[in-house]
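Copied from Swiss-Prot, the annotated features are:
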type	residues	note
REGION	1-173	region 'Regulatory N-terminal domain'
DOMAIN	19-54	domain 'EF-hand 1'
DOMAIN	55-88	domain 'EF-hand 2'
BINDING	Asp99, Asn101, Asp103, Lys105, Glu110	Ca(2+) 3 binding site
REGION	159-168	region 'Linker region'
REPEAT	192-277	repeat 'Solcar 1'
TRANSMEM	198-215	transmembrane segment
TOPO_DOM	216-251	topological domain 'Mitochondrial matrix'
TRANSMEM	252-271	transmembrane segment
REPEAT	285-370	repeat 'Solcar 2'
TRANSMEM	295-308	transmembrane segment
TOPO_DOM	309-344	topological domain 'Mitochondrial matrix'
TRANSMEM	345-364	transmembrane segment
REPEAT	382-470	repeat 'Solcar 3'
TRANSMEM	388-405	transmembrane segment
TOPO_DOM	406-444	topological domain 'Mitochondrial matrix'
TRANSMEM	445-464	transmembrane segment
Amino acid sequence: MLEQVQKFLLSRAACEGSDSHTRYAELFHKLDVNKDGKVDILELQEGLKAMGMAVGKGAEEKIVEAGDTNKDGHLDFGEFMRYLEEHEKKMKIAFTSLDKNKDGKIESSEVMNSLKTLGINISLDHAEKILKSMDSDGTLTVDWNEWRDHFLFNPADNIQQIIRFWKHSTVLDIGDSLTIPDEFTEEEKKTGQWWKHLLAGGMAGAVSRTGTAPLDRLKVMMQVHGTKGNSNIITGLKQMVKEGGVRSLWRGNGVNVIKIAPETAMKFWAYEQYKKLFTSESGKLGTAERFIAGSLAGATAQTSIYPMEVLKTRLAVGKTGQYSGMFDCAKKIMQKEGILAFYKGYIPNILGIIPYAGIDLAIYETLKNYWLQNYAKDSANPGVLVLLGCGTVSSTCGQLASYPLALIRTRMQAQASIEGAPQLNMGGLFRKIVAKEGFFGLYTGIAPNFLKVLPAVSISYVVYEKMKIQLGI
């Protein structure tokens, strides 16, 4: 069916007037399943799906809303034809703006240059994948007919929106804050779309962290106390409930949620500054430079909010009634240990950024490119499940590499609050853990940490998508 539709749409490429009307009429006839002379959202969804035409989420609703001039919830043939005529005009403008050398075809270099002007740098291989998703004759170039038919039912009407159709950014919050920040185009920065994405991501992170807080607190307890009294996940959760009731499972979560906003803002600002510093004269920012800029941005953000990390750990390992809240905890730490206590464990925390961010980025790019090279037959869009899968696997591998440093950081943050515990530095703690608990002692608490990855990713994605709709992204 798709092949027939493509042949039909690609035929008579230069046709205007009545020929265009005939083309629209035949397409309308295919979509009007119940033959009532109108096409509604459901018929659009089913018809486009049957034709194999991939459109963005909610595209059918946007098409009907844009073309439905009499607001009856349907498109009659006149409305359908006018919508496609207007949409094709906008698509022609977008095509012309991409076709820099005016040869009537879009090439890989033109895709790369256009994305570059919007603040996105991609490889030649990625540009070719984008073209292949539209190229029906195998020439690795896209002419007007191929361009028009690919975006025929995509409601994007300018080059910036089409670029966003190609650009995929997924916000995943698994409770760790060492990932490299998202990229935003210059257009997104100018129009204010960036802060909406950050807000949506922040809300997703807050809900995700709250939903998985019991497992996060159990991880901290196991990191600090070893497996004593917490030999497995169920036993550990029961011990926490027995000590402080069900509410104690969320102890320390408030700080964990509150720190999302300042950390995200600082990381975004710092990343933009470091990118300017590392961008070459040609304006290109390679993968290595992006990794360095992202790692430095993460270190800057962590430095600014690190006292809140210490508060989170102290509240999580604290006993019932020990602290009345975040400010009481901060006050008691200051009085007893001084201001430097708020930066205990800072060095292993910063050192953990390099393996986490590096492995996370490297594995994500490897998995994404593997999919593009082996499975991207009809589209350069991997889809939600593939992107979520790549993000989950890469983040998990990053955690695995940096976990020993995270464990040492947590113990250094908490050791002053444990009576009789020696105040060891990073090296001393490492030797003590290996000598007493063996090599695998460096991975104490990793089971609940891994257990919360899947629900955390799922919750953050669902909330992020809902927030995008609410914010009109």
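FYI, residue positions are counted from 1 along the chain as it appears here.
Placement of Cβ uses the backbone N, Cα and C atoms for every residue, glycine included.
Glu110 (Ca(2+) 3 binding site) carries a helical DSSP state (H, G or I). The stretches the transmembrane segment (445-464) and the transmembrane segment (198-215) meet in space: the count of Cβ pairs below 8 angstroms, excluding pairs fewer than 6 apart in sequence, reaches at least three. The average per-residue pLDDT of the prediction over the region 'Regulatory N-terminal domain' (1-173) is 68, rounded to a whole number. Outside the topological domain 'Mitochondrial matrix' (309-344), and at least 6 residues removed from its termini, the chain residues within Cβ reach (under 8 Å) are 216-217, 220-221, 224-225, 243-245, 248, 251-252, 254-256, 258-259, 302, 410, 412-418. Residues Leu98, Lys100, Lys102, Gly104, Ile106, Glu107, Thr141 surround the recorded Ca(2+) 3 site, their Cβ atoms falling within 8 Å of the Cβ centroid of Asp99, Asn101, Asp103, Lys105, Glu110, which are themselves excluded.
Long-range neighbours of the topological domain 'Mitochondrial matrix' (406-444) within the same chain, counting only residues 6 or more positions beyond its ends whose Cβ lies under 8 Å from a Cβ of the stretch, are 176, 220, 222-224, 226-227, 309-310, 313-314, 317-318, 336-337, 341, 344-349, 352, 399. Within the topological domain 'Mitochondrial matrix' (309-344), the DSSP-based counts of helix, strand and coil residues read 26 helix, 0 strand, 10 coil. Of all Cβ atoms in the protein chains displayed, 19 besides its own lie within 10 Å of the Cβ of Asp99 (Ca(2+) 3 binding site).
Per DSSP, the repeat 'Solcar 3' (382-470) is made up of 75 helix, 0 strand, 14 coil. Highest Cβ count within 10 Å among the binding-site residues Asp103, Glu110: Glu110. Cβ contacts within 10 Å of Asn101 (Ca(2+) 3 binding site), excluding its own Cβ and spanning all protein chains shown: 10. The DSSP secondary structure for Lys105 (Ca(2+) 3 binding site) is strand. The local packing around Lys105 (Ca(2+) 3 binding site), expressed as other Cβ atoms within 10 Å of its Cβ over all shown chains, amounts to 19.
Summarised by DSSP class, the composition of the domain 'EF-hand 2' (55-88) is 21 helix, 2 strand, 11 coil.
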